[in-house]
Each structure stands twice: as structure tokens, then as C-alpha cells.
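Notes follow once the structure below has been shown.
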Amino acid sequence: MCNEGLSNEHYKKILSITPELLCISDMHGQFRYVNSAFEEVLGYTAEELRGSTLYSILHPEDKEAATNSIKSLLINKQDRLSIERRYLCKEGIYKWIAWEITIDWTEELVYSSGRNITDKKKTEEAERKAKERLEEAQEFAKLGYWEFNTITGENYWSDELIRICGLTRDEFAPNFDAFMQMVHPDDKNLIINTMKEPLKGKEYELELRLIRSDNETIWLSERVKYDQDPSGKVVRWYGVVQDISLRKLNEIKLKESETKFKELVENLREVIWIRQGGNLVYISPAYEQVWGRTCQSLYENPQSFIDSIHPEDKERILQAFINDHDINQDLFEDQYRIRRPDGTERWIWLRKFPIFDNHGKLIRHVGICYDVTKIKEYEEEVLKNKMEKEMARLERLSLVGEMAAGIGHEVRNPMTTVRGFLQLLSSKEDCFKYNEFFKLMIDELDRANSIITEFLSLAKDRVVELEVQSLKEIVQDIFPLIQADGLVSEKNIVMDLEEVAKIPLDKKEILQLILNLVQNGSQAMLPGGTIKIRTFMDNEEIVLAVSDEGSGIPPQVLEKIGTPFFTTKENGTGLGLAVCYSIVARHNAKIDIDTGSKGTTFFVRFKNLT
């Protein structure tokens, strides 16, 4: 026999050079023998292992399994066992050892032959983690994978593909026929034709519908590839599948929204346009009605949109389009004129605003153009009528003023004489009993004289002494007097004065203006009401505003405000506001009135001529 003549030394030498880990232990796991490979792999010498057991260097997580294996061996009297366990090396790390174990029940010894499979286990663990990450990624992206071997008929579906289709591995065995049963009837030919003509390309992209087991219809996007044998026959199909139901649903909603938008926009009188990347991409049909040109002509020559703008407005509007790239520009609106091919002009109110994507990037501009020609014509007519009324009112004021200047002297002289004789008679002892009557007559003469004074202030050619000064300071100067009058009439007087530019003013006349406006507001309120006096800048205008909390001015009265001798008050002369309008006219200013059920505000607007 070939083994004859070998000594124990020969066997020991063979055991020492074999790469396998060899170990002999008793039934309690105590070491009886370890070879050199054992010492080299785990780092312990045979001497260091004397008296210890394999169990003592076993990984804690493997001890329960090891205990169960020993119990199984003892109960079943097995002779052989294959296990994989982790053991603590002398250097402090764990290594995987795959053992083939043989039991000698007669001698009660355990013979073990092991291999270091640590690298293999690391590879398996890396592959397992990679597979887990892949499955997680597929689940996150709703991306499934499949393969079909045309030679063997073998099918493979990933877990995510199973889930996408609403199935479980327990109830479904992947196969082509079962898949085709789930494909929407309208999409079956798409699959069949693709597989019939595989030579047109190495990759296909399909979108199809699938009817799941719960009858829900889903949309899938599929990328398909195939392998061929040397003869050109397809031997393997494989591909990735993604659930795009949400995207498709959004596309359908977007399409429906676009259809509704188009239906709405194309029936509006307003002109809607969209510019993207500096190019016109849409103009609504209303453009043809307003501009008098076809939409097609604008697409062919976008410059005609700018060319149609009135020369006096072009530079201003053109600048707004030049600034399209400015991402800080928000809503832009302005009014301008256009010239139509037939020579007529239209007024356009433009509102233009930017559209940004989810990342704040400017993607387009949308504009709305309203034809406001009729509104402009109406405004011009209203302004014309207002100016005509203002001219008529000023002419009446002028006429009254001229009359006052002409007759004031002739009336005042006799009145002065009469007043003097009444004072003389009232001092006579035998007339004392008539003093009450004399006082009444003198008071009425004084009242008539004050009316004549107001009358004279209406004169157009009245001399004003203009001096550059602050409107705010004039209000502050007269405020104590106004406040005192307010206390008597139980009215609150408050100020809200901002700094304003200094302008040429006649202080006496402005004081009279403020007094008259405050008195007019005070008479319109019940006790407890508040008069508010303000000064502020409005663009280039200096504004004096006097507000009350009365019940407002009726429209029929508002039209006659400022007309001499027109009054709604029982004891009024109708000259207070007429004087205000005269003073304002002599200062090249104007009066605006804002009235409502909660009160009235007179705005006196002075031009900044400094």
C-alpha cells in the first residue's frame, strides 16, 4: 500500500504544512491538538490554548447557535456537521471559519477541519449591503428590474417590480404570459410589435399602462435591452420599469389646465402675450381686434409690437422690455398709446410680470394688455367738463370780486356814517332806553361790513404778498387759535404735520384759508367730532389736508361747492369756501375733495415752484 512505511513524524509534517485549520477536542470542546495553520490564522500557540475551549473564543452572537448545534449532535448522535462561526483572534479581531466536523463517539473526540472564509464573508456582506441599497434605491425611485431568458423560459422580477404591479412573491410567479395579462388592452400590441422587431436598435423606451390586481391602472415607463447569440437570435431580454403614474396624472391635469386656459384666454377681450428667452411664444386672438393686425404677422415680425407704440411713449415702454432680464423686477404696469394700420390710436394699459421656476430662475414673462381707450375718452370728457365748470366758477368769482371792488367803497361810506350817528345817539341820555336797539343795529352793520370784506377778497386782481415760507409753520402758528375755537364748540382739533418744501405763500391769505376750511368742517360735525389738519408731500406737490367726521357732502351740493352765496347752513353767507377757492387760485393751487358717509377731506395742492 502507498501509505506503508510512513512514520508519525511524516504525518505530523503533513499536518503542519496543510493550509486547513486542524483541531482535535474532547466532547466538552477542550483543545487536544491544533496544527500550525490554526495557530497562524487565529494567532494563538498550542500552549496558549491548552486548557481552553473553542467556545471561549467564539463570537458572542454565535454562542447560542453553537449551543444548539451541540445539543442536536448529542440528541441525534450525528457523526458529521458543517458549520460557519466567528472566532476571536489574538490580535483582537474576529475571523470567519468554516468547519467540517467529525465525531468519534467511541473515543469521545471531535475532529475538525476548517477554512478561513473571512474574505468570502466580507465579500458576501458587501454584496448583501449593495443589494439592499439597490433595492432601497429601486423602491425610492419606484424602479423595478426584470429579465427573460428566451432559451430557458426563465423569468426574474425584482421585489420592487412585484410591488409596483401590486403583487406578492407568494401569489405570483414571474412569467411573460402573466405579465401580458396585466397590460392594458390598448397597449398589448406595443409590447408584441417591439419583441417582433428587435433588430431596429439595441434599446427601446416604452410607456404603457398596467392593470393591477386591485384594478388600479398605473402608467409605466420601460427601457428594454436584449442580448443576441452569434447567429443574431435574441437569447435574453431585460429592462427597467418605473412607475410614472403621478407624472402622467400631472401631465393630464396640465393638459386639461392648458386647454381650459386656452379656452379662457382666447375668449377674453384682453390681449395676453408670453415671452420666453426674449422671444414671443404666444399672443391671444384679441390682439387682432385691438391692434388691427393678425397674430401671424406678429409671430413673423415681433418688432411690429414695438413699432406700433406711439413715438411719445415708445422709449418709456421699450425700457420695460429691455429690463426683462432683471430678476428683481416685479410687476410692471403703465399706460401708453398705439397706432393701428388704419391710422387710429388706442390707449393700452399694460401689466407685465415675471414667472419663476421652483429654484427661483426666471423662465418667462407674461403680459396683459387692456384696451382702455373708452375709459380714457370718458376721463378726458370728465376732465373737460370739470375744467369748464372750474372756469365758469372762477369767472363768477371774478365777476363777484369786480362788483365787490366797484361798490364796496360806495356802500361802506354810508354804513360808516350811519354807524357813527347810531353810536352818538346811544350816548344821549334821553335815548338810553333805546340802547338795546342801537346795539343790535350796530352789530348788524358790523356783520354787513365783514361780509363786504369777504366779498372784496374774491377780487381777481387782489394783490397778494408772496414770501417763501413753510406751510407747516403757518399751520403751527394758527393752531392755538383754532384749538381754542374747538374747545368752545366742543370739537377736537389735531395735527399731523410732515416736513414740506418751502414755497411762495401769502401768510395772511393762507391763515384765512385754514380758518375757513376748519370752520367749514367744524360746522359739519356734532360735538365730540374731530378735525384733523395735515401737511405732506405728494410727489412734487405740497399738500394741506383738512378732514372732518361729518356725514359727507351730497353730490348735488358738491357740484356747487365754492359758488359765492351758495350755502346749506341756516346762518351762512355762502362766501367761506368761495374765499378759499379765490385764495387757492391766486396761489396757482387747486382743491380736491374726498367725501363719504364717514367724513370729508379738503386737499389743497400747491405746486413746488422753488
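Don't overthink the numbers, they just go from 1 along the chain as shown.
A Cβ is built for glycine as well, from the same backbone N, Cα and C atoms used for every other residue.
Within the model, the domain 'PAS' (7-77) carries an average pLDDT of 85. Per TrEMBL, the feature domain 'PAS' maps to 7-77 (among others).
TrEMBL lists 156-202 (among others) with the feature domain 'PAS'.
According to TrEMBL, the domain 'PAC' annotation covers 204-256 (among others).
Annotation source TrEMBL lists domain 'PAS' at 257-330 (among others). Helix, strand and coil counts under DSSP for the domain 'PAS' (257-330) come to 41 helix, 12 strand, 21 coil.
Per TrEMBL, the feature domain 'PAC' maps to 332-384 (among others).
Annotated domain 'Histidine kinase' per TrEMBL: 406-610, in sequence order.
Each residue in the domain 'PAS' (156-202) gets a DSSP state, and the totals come to 28 helix, 3 strand, 16 coil.
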